[in-house]
Amino acid sequence: MEANQKYLLEIHKKINNNIEELRSYAEENAVPIVDRLSLEMIKQLIRIHKATNILEIGTAIGYSSMHFASISPTINVTTIERDDNMINQAKLNFKNYGYNNQITLLEGDAFEQLEKVNNKTYDIIFIDAAKAQSKKFFEYFTPFLRKGGLVITDNVLYHGFVSDIDIVRSRNVKQMVKKVQKFNTWLIDQENYQTNFLNMDDGLAISIKGE
Ligand code: SAH
Ligand code: MG
């Protein structure tokens, strides 16, 4: 690991909260939770933006959504997950860590939850589900994002493959990486959004919706 990154990870460890114990579980069980420094960046954006309504696509075990909710009791997170095993673990975690009142879990495919999210406008949408579908998630869910709100998309550099697709052997992965490339260039061209890509961890895109 690069020395600066290692150093920053070390100093962030000292300001831990108890949700962090789920990181080692996720790593052991290959659950793709958001990387540590990216998480700290997103939490800082939530604070700067004074976000109170957050929509997340891709809950997994609830690690990121609980971290977001932990910033302030005024924050509400709506999060969507389709995998039954993940749903069950997320439910247990929300209960055990005491987040049932702040987090609403929508069970099922994200594209089938539109009528359950359209009763609210969100300050931030965090896209962190199937990587080949990020564009579709963006198109389906940003109508519920307030003007001036943020879309944060994770894994836009996907394992370093997005900038160097020739190293990818698997046909399926290659197809997925091509979709991520397409999404990134499409995203930067969106006239109503200002997008900034961060070369941090697995790559993070931060897009601000115009007025
Ligand atoms: N945000 C989590 C990690 C999510 S991993 C964290 O950082 O802690 C991505 C998750 O998205 C997986 O659990 C996967 O089952 C889910 N997912 C992928 N495509 C989906 C879809 N179309 N609808 C709902 N969930 C989806
Ligand atoms: Mg991710």
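Glycine residues also receive a Cβ, built from the backbone N, Cα and C atoms like all the rest.
The S-adenosyl-L-methionine binding site annotation in TrEMBL covers Val34, Ser64, Glu81, Asp109, Ala110, Asp128. All chains included, 26 other C-beta atoms sit within 10 angstroms of the C-beta of Ser64 (S-adenosyl-L-methionine binding site).
Long-range C-beta contacts of Asn155 (Mg(2+) binding site), restricted to its own chain and to partners at least six residues apart, with a cutoff below 8 Å, comprise Asp128, Lys131, Val180, Asp202, Gly203. The annotation Mg(2+) binding site is assigned in TrEMBL to Asp128, Asp154, Asn155.
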Least buried by Cβ count (within 10 Å) of the binding-site residues Glu81, Asp128: Asp128
All-chain count of other Cβ atoms within 10 Å of Val34 (S-adenosyl-L-methionine binding site): 25
CB contacts under 8 angstroms to Asp109 (S-adenosyl-L-methionine binding site), restricted to the same chain and 6+ apart in sequence, sorted by sequence, are Arg82
All chains considered, the count of other Cβ atoms within 10 Å of the Cβ of Asp154 (Mg(2+) binding site) is 27
Have a look around Ala110 (S-adenosyl-L-methionine binding site) and count the other CB atoms within 10 A of its CB, chains all included. 23
